[in-house]
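Undergrad: The structure that follows is given in the form of structure tokens.
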Amino acid sequence: MHHSIRNIAIIAHVDHGKTTLLDKLLQQSGTFEEHEEKTERIMDSNDLEKERGITILSKNTSIKWNNYKINIVDTPGHADFGGEVERVMSMVDSVLLVVDALDGPMPQTRFVTKKAFKYGLNPIVVINKIDRIHSRPDWVVDQVFDLFVNLNASDEQLDFPIIYTSAVLGTSGTDYLNMQNNMIPLYESIIKYAPAPNVNSDQKFQMQISQLDYNSYLGVIGVGRVKQGSIKTNDKVTIIDRFGKHRSGKVNKVLNYFGLKRMEINQGYAGDIIAITGLNKLKISDTICHPDNLQPLPALSIDEPTVNMFFSVNTSPFSGKEGKYITSRQILERLKKETMHNVALQIKETKDPNIFSVSGRGELHLSILIENMRREGFELEVSRPKIIFREINGIQKEPFENVTLDIEEKNQGSVMQFIGIRKGELKNMIPDSKGRVRLEYILSSRALIGFRSEFMSITSGTGLCYSSFSHYDNLQNSNIGQRKNGVLISNSTGMAVGFSLFNLQERGKLFIGHGAQVYEGQIIGLHNRSNDLTVNCLTGKKLTNMRASGTDEAIVLTTAIHFTLEEAIGFINDDELVEVTPHSIRIRKFYLKENERKRANRNKKSI
């Protein structure tokens, strides 16, 4: 049975086209029925994934081709979702490494490939987007080889097969000058080079939970590869957690993947990726085994969190006006539910019952969680992200990252100056002779907080920025990444008036427009100078019954700056919070009243 199964993961850098490639594999294998709707990026099922064009959660599918069953797992390309990538590697026997035919290997390519090599997996290299203008497949293959050598690949891993594809056009081939109008060369390579699962069908059942899903009808669904034996509906099993604790359970349903559907089956066999229901309180890494075979599988290792934020109950004067879930109990329940499947996330309660410490793999990892909660109807406040330092040999160290910037040559000077302020160390500079240049830096993770939004404004949206963890090193200057300018703070609650805002424009850039509801302590603009300024934005023009001798000056307001969630989180300083509700993102001071802020500053200086 297991000789006709192939388990592979698709890994790639963000936006190198692996989800689109998977679309074509699904469509051309005949997995879809005639009546089924065929949309783009089928596997990105989450709204945020479709909007941002990135994969956040790893997902399973399977295709049938020439009497073979190919189980495919689509993985995130971003290092912030490394916890997802790590778990997937334990389920598969080979990887499809998708690399852009123009860009070549990028920081995330290195990150996901390193994970695959850690598990001893041999890659099949797919050079995608071969139809791109100026594509350079030969150069890309050389770059991939160099990357593998740098990652200490074995001789077997260095002898990798290469397939050239254009996922958009649905073409593939072993020679980019002689492409076929279908994906058959890629199917053949998967069958030929991906090994069949190394499992034992005769021994008693054993599998490890690598993913969790939830369904209101079926309850908790555990997903993993059957390591040995087989499992049927209503079988009694023993669950062993990562700490070795045992408990008994009964399997309610055994499910299998076919295309985008989960289908109920009578029996799951060794080597196959299946889902089981009926076992509550499952956790990632749990071993499910036959009661007579109590042997736990090694626990899955997950990267430690690097960023910490505080989530708290919304305490602003506008609290409860927009959200459905606003209490600390509801927020804590939602965070605990998230940790069930989001294993790289850590939640700790603090001395204050309304504040929770949340740690994750990066700014993006946590902002995706906040955005999901916001869309579900939660109101909360979040602090500025703080990098988690690590003590090594009694010395405090902070994480550093490899940062790759792809920019237009005309922006090179301003970008290098911008990174110089953040103490970046230039490692490499590669012009492409077509008006763009690639800069490679080592930069502290602290300097990357709020980096991307400022970088995008410097490059007018044309720059590309990628980063992945490099190493831990000595602490740098404590003020790295802090905002240089002060802010404009509202001194009262009410409706902002155009007349006041017009007069405030010369003081800085505004975040609100005429008619916006504001409250005391809310940040309404960026000050031109380094100090904070408390201002009145509610006063209208004084009217008298005397006829004016001249004409009124026309009030023209410049367009207000509106922050996305990531931009707001990157903008704030340590004494500020982002208020997140289903319809609004506001920035406020931690202390809303001016006298409280002054007292806090005095206390800070006296320490």
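Any Cβ shown, glycine's included, is placed from N, Cα and C.
What Swiss-Prot records for this protein is below:
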| type | residues | note |
| --- | --- | --- |
| DOMAIN | 3-198 | domain 'tr-type G' |
| BINDING | D15, H16, G17, K18, T19, T20, N128, K129, I130, D131 | GTP binding site |
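Help me picture these features in the structure, burial and contacts included.
TA: Each residue in the domain 'tr-type G' (3-198) has a pLDDT score, and their mean in this model is 78.
Here G17 (GTP binding site) comes close to V98, D100, N128, K129, A167, V168: these same-chain residues lie at least six apart in sequence, with C-beta atoms under 8 angstroms from its C-beta. G17 (GTP binding site) falls within neither a helix nor a strand when secondary structure is assigned with DSSP, and so counts as coil.
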Undergrad: Please report the number of other Cβ atoms within 10 Å of the Cβ of I130 (GTP binding site).
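TA: I130 (GTP binding site): 23 neighbouring Cβ atoms within 10 Å.
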Undergrad: Measure the Cβ-based neighbour count of T19 (GTP binding site), defined as the other Cβ atoms within 10 Å of its Cβ.
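TA: There are 24 such Cβ atoms around T19 (GTP binding site).
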Undergrad: Three-state secondary structure of I130 (GTP binding site) from DSSP?
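TA: In three-state terms, I130 (GTP binding site) counts as coil.
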